[in-house]
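S.K.: If you scroll down you'll find the structure; I have some questions about it.
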Amino acid sequence: MLGSSGRRLLTTVLQAQRWPFQPSRDMRLVQFQAPHLAGPHLGLESGNGGGVIDLNAFEPTLPKTMVEFLEQGEATLSVVRRALATQLPVLPRSEVTFLAPVTRPDKVVCVGMNYADHCREQNVPVPKEPIIFSKFASAIVGPYDNIILPPESQEVDWEVELAVVIGKRGKYIKATDAMAHVAGFTVAHDVSARDWQMGRNGKQWLLGKTFDTFCPLGPALVTKDSVADPHNLKICCRVNGELMQSSNTNQMVFKTEELITWVSQFVTLYPGDIILTGTPPGVGVFRKPPVFLKKGDEVQCEIEELGVIINKVV
């Protein structure tokens, strides 16, 4: 059961949503915990901002982690379709804790400078090839978890991103086949320590991107058939209620299919792998003067049809 602070956050979540979302029959997969459960369970979010249907209670043979669920492919998805067609008990949102929809993926792939308007913000040319870097999976936290400011950095910044979740293993994937390898989409916050990303560690991006808690995800993995067009979604970020980033995924330079084709030339993609597809303009480092996160700040990252994640900085 949530305490008063948790109830306040729930109210904030519901108030934060600015755009219309898909109806509750859409497939919005979550990982969650509840006081009466022995450990994490898989669930269905009953509409964006709604309660949770416990899929493991509906079908006890289902895996309890998203990666294992995705590895089983169509067999597990058919169970979820049956659950959607059945009147099932819904756990109130106030009684569950949302985890990241995917935890412990094989890899988290990230894409830099992948929004045309973000390139204009930096006064740099649009890349001719995707710029790829990574985060460690240990950076992943849930949609309402805290972001911990590391004492090693004084320049921690925000980046809202559309995240693609892989559902089918593949290597050398053709663009025409790429969407067949996608399970769905979720909201990501690519928290970034700019001093480490841009000035230290030989200007290699990894350390500045992968401090603990630097990859909030959620609230749900929305399956691809529940998203009208992933490349035409409003995307925004607010810090303490102030709009900092506002764009549309139609500004992406390299779309999902191109990114999957490119990345799969170098590495095998596995179910549960996550691809963060880049951020729009409005990040703190390019403001005049620059603005960075501080303790007590609250960051809301929101994408149309997918939902909103809210993380307090501590």
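The backbone N, Cα and C atoms fix where each Cβ goes, and this holds for glycine too.
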S.K.: According to Swiss-Prot, Glu159, Glu161 bind Mg(2+); so which of Asp117, Asp190, Asp195 is the extra one listed there?
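M.R.: For Mg(2+), Swiss-Prot names Glu159, Glu161; of Asp117, Asp190, Asp195, the listed one is Asp190.
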S.K.: Which residues of the same chain, at least 6 positions away in sequence, have a Cβ lying under 8 Å from the Cβ of Lys203 (N6-acetyllysine)?
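M.R.: Set apart from Lys203 (N6-acetyllysine) by at least 6 residues yet with Cβ under 8 Å, we have Gln197.
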S.K.: Rank the binding-site residues Glu159, Glu161, Asp190 by how many other Cβ atoms lie within 10 Å of each Cβ and give me the one with the fewest.
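M.R.: Result for the binding-site residues Glu159, Glu161, Asp190: minimum number of other Cβ atoms within 10 Å at Glu159.
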S.K.: From the Cα of Lys234 (N6-acetyllysine) across to the Cα of Glu159 (Mg(2+) binding site), what is the distance in angstrom?
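M.R.: Glu159 (Mg(2+) binding site) to Lys234 (N6-acetyllysine), Cα-Cα distance: 14 Å.
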